[in-house]
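Take a look at the structure set out below.
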Amino acid sequence: VRVFQLWVVDNTLFPMAQGEVVGRQNIFLEKEDDDIHFQFPMDNLPEMKWELPFNGWFWLTLGLFWSAGNVRLIRFMTFYHIGILVVGPLVGILIIKASVYFSIPWYLQEKVYKPLFLISGVLAVRERWIQVNQVSETHSTRGLSLNRGIR
């Protein structure tokens, strides 16, 4: 996945975006691996990082949701990333062509979604762990009376 993302950023997205900001004083773009960093020196806005969806964070969280067996969260996160895939380039165009202030909601989204999905994944795994332990304790107490006191 990362090799493909590097190729897309290096050969498509970054050159197109860089061509749009040539000669502009209020936006500076920088590429770092498979991310594009937007800097806004004249507007005192925080640096914004734009990364492709379905990156390592997606796969890490998917692994947590999968191990917890939570199909609902897998679907939600997948649709969220599909939304980012569609909306992300539009937001980039709006930032470059219209106003740098469109970067504020995108910046907030970038800061919130990763911890939110990771925490949800850890809690889902925890909940699954508790369920499995309750089931195993229930089955172990149905055994011989000699085993009831041993854990």
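Note: Cβ is positioned from N, Cα and C throughout, glycine not excepted.
Copied over from TrEMBL:
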TRANSMEM  56-74  transmembrane segment
TRANSMEM  86-108  transmembrane segment
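Non-local neighbours of the transmembrane segment (86-108) in the same chain are 13, 17, 20-21, 26-27, 36, 38, 40, 43, 45-46, 48, 50, 52-53; each lies 6+ residues outside the stretch with a CB under 8 Å from one of its CB atoms.
Same-chain residues lying 6 or more positions outside the transmembrane segment (56-74) and placing a CB less than 8 Å from one of its CB atoms are 1-2, 81, 114, 117-118, 120-122, 124-125, 127-128.
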